[in-house]
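What follows is one structure encoded as structure tokens, with my remarks underneath.
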Amino acid sequence: MSLSAHLPSCKKEDKLSVPSSKKVNCILNNKWVKILITKFSQVLKDMKDRRPNESNIDKIIGCGKYQFFHSIVYQLIIILLSCNMSIMAFLKKVPNEWTCRNDSSNSDFNRSKMVFSTASICLHEKYANSTCSNYVPFGEQDFYSIVSEWNLICSRAYLVYLSITVQMAGLLFGSPLCGQMADYYGRKWVLFGSVVALTIFGNASAFVNDIISFTVLRFLIGFTCGSLMVVNVVYITEFLTPKHRLWVTSVGSWPVGQGLLALLAWTLANWRLLTIVVNCAALPALPLLFFMEESPHWAVNRAKRTVAHKSLSFVVKMNRSGLNGDLPMNVVDNLIDEQNDNDQQQRTKTMYHFWHIFAYKRLASYFIIISLCTSAVNMVTYTMLLDSDALPGNHFLNFFIMTSLVRFFSASGFILADYYVKPFGRKLALSIPALVISVASFVIVLLKGSVFGKGNYGAVLNVATFLSMFMTSPIYITSMLSTSEVFPTPIRNVASGFAQIFIRSSALVAPVFLYLAYYWAPGPYLICAVTTFLSGICWFLFMPETKGHPLPDRMPSK
């Protein structure tokens, strides 16, 4: 049914004779158009005036030396996390040429005279006419991967993508379970245990001798990565005032870790050495993390009087924010009374779960939109990272550019815009990059679909890919930060953790999409284009502007 059918003042029989001005009025008077106009007007109004607001806890802790040392710990953990999440882009690298090494006396002759491509080996295997029982990489390799060591090609190639999928499945379990634990037992020790566990599992994976054991460890690595993704961000956010949240959580971060990974992969050129080195990255953070304090927001919300007093007093002393000596205990008592709204006993006993999110219409809508937006950008990221070896040029250089240089400058520009441009809030920070990614992904669809013919469009393909990766950093940072800003303290980690289930599901299907691209190459990128477009529109229209606002500590009224 057309729009004019809904317009009471525009009749169908004389629709052609209606003046243009009257047609415009008819459209503007339509109820659905009015709803859209009202919504956009409200969004623009909310963006006009944003004064930083601080909670009482934020005013007490301030921002100083403690946050500086905390940010060092945060960055070291992010390096460990980003390397483990991206390392399979190199560990799955397939050699260009192979040679045969049969268990026979003339194996040296066979190795020196017979050279095969991966495609030719697969053809021999398909038609069962291969005379070789064991293939090894031929010549000098730029990187010795698990594919090289365990012959994971042809009928065994799926095992590589299975290990990636299993790791992402670990994320689905680790994020919600550890998020729930951090909301109940505290942020600090869940984070500490996750760093220790990831370091152990990551190093252990460097010493296995078969793909099955490797895949099992990738699941455990994914589980602990899921924990770090949730708890690490929430933990530091609860020590930051509204003015400093975004830039502290954005400086360095993932681009540094992924850029370091590319440099180490190029230098070490061996998957075992690379795995050991990157999994020792967070070792310096452990002694610092051991002496750090529990989140005061969590302690006050759970009415942990002694923990809150110890935490606030330590931070105040370190920051010297105008309060000398230990913080008076009555200050903590007042915070707890205010937080629990004169019902401390009931609140202390309440443990919130995932289903409580959907008991509140507003929180449920936030959860759905955040999950949609982050899932879309996550699918874009992993599709392009896992497909990076298909780009023209050097794999290591392309990976370094698209993950480190491009995303670093993106994050830096985003931070400056957020800090100095007052109207540039969370809405614009996500919706604009999402729409740009949508356009760039559609360009890739056209190029891979040979719409422009069979010309050499390698440079255009690289630019479109780099542009998409350039825009992923603002989306990741904004969605991650907004999760902490829109959900109240009692359910903050739970919401963040369970959102990871939907978010990581997109990373689960990225390897599958790349396999299905064998039948239609543009398929994965068309899905990326559609999902990022929808997510950008939904975010702009329905998410609140949280820039400069204090973290909510109370559950909303139903």
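Placed from the backbone N, Cα and C atoms, the Cβ positions cover glycine too.
The feature domain 'Major facilitator superfamily (MFS) profile' is assigned by TrEMBL to 70-547.
Among residues of the same chain six or more beyond the transmembrane segment (72-91), those with a C-beta under 8 A of the stretch's C-beta atoms are 143, 145-147, 160, 163-164, 167, 191, 195, 198-199, 202, 221, 225, 228-229, 232, 235-236, 248-249, 251-254, 256-258, 260-261, 265, 271, 274-275, 278-279, 281-282, 284-285, 288-289, 292, 385-386, 388-389, 399, 403. Annotated transmembrane segment per TrEMBL: 72-91 (among others), in sequence order.
Here TrEMBL flags 158-177 (among others) as transmembrane segment. Long-range contacts of the transmembrane segment (158-177) within its own chain (CB-CB distance under 8 A, at least 6 residues past either end) are made by residues 88, 91-92, 146-147, 152, 211, 214-215, 218-227, 229-230, 354, 386, 494, 496-501, 504-505, 507-508, 511-512, 514-515.
Panel annotation: around the transmembrane segment (189-208), residues 77, 80-81, 84, 178, 181-182, 214, 217-218, 220-221, 224-225, 227-228, 231-232, 235, 271-273, 275-276, 278-280, 282-283, 285-286, 289-290 of the same chain, lying at least six beyond its termini, place a Cβ under 8 Å from a Cβ of the stretch. Among the features that TrEMBL reports, transmembrane segment is placed at 189-208 (among others).
What TrEMBL records for 214-234 (among others) is transmembrane segment.
The annotation transmembrane segment is assigned in TrEMBL to 246-267 (among others).
Positions annotated as transmembrane segment by TrEMBL: 273-292 (among others).
Feature annotation from TrEMBL assigns transmembrane segment to 363-385 (among others). Here the transmembrane segment (363-385) has long-range neighbours at 86, 89, 357, 399, 402-403, 430, 434, 437, 441, 465, 468-469, 472, 475-476, 479-480, 482-483, 486-487, 491, 495, 498-499, 502-507, 509-511, 513-514, 524-525, 527-528, 531-532, 534-536, 538-539, 542-544, 556, meaning same-chain residues at least 6 beyond its ends whose C-beta is under 8 angstroms from one of its own.
For 397-421 (among others), the entry in TrEMBL reads transmembrane segment.
Taken from TrEMBL, the feature transmembrane segment applies to 428-447 (among others).
Residues annotated as transmembrane segment in TrEMBL: 459-477 (among others).
Annotation source TrEMBL lists transmembrane segment at 498-518 (among others).
The annotation transmembrane segment is assigned in TrEMBL to 524-542 (among others).
Mean predicted confidence for the domain 'Major facilitator superfamily (MFS) profile' (70-547): the pLDDT average there is 81. The transmembrane segment (428-447) makes no contact with the transmembrane segment (246-267), as judged by fewer than three Cβ pairs under 8 Å among residues 6 or more apart in sequence. Sequence-distant neighbours of the transmembrane segment (498-518) (same chain, 6+ residues past either end, Cβ-Cβ under 8 Å): 158, 161, 164-165, 168-169, 171-172, 175-176, 179, 226, 229-230, 354, 357, 367, 370-372, 374-376, 378-379, 382-383, 386-387, 483, 524, 527. With respect to Cβ pairs under 8 Å, the transmembrane segment (273-292) is most closely packed against 246-267, considering the stretches 214-234, 246-267, 397-421, 459-477, 524-542.
With a cut-off of 8 Å on Cβ pairs spaced 6 or more residues apart, the transmembrane segment (459-477) and the transmembrane segment (246-267) reach 3 or more such pairs and are scored as touching. Most Cβ pairs within less than 8 Å of the transmembrane segment (397-421), among stretches 214-234, 246-267, 524-542, belong to 246-267.
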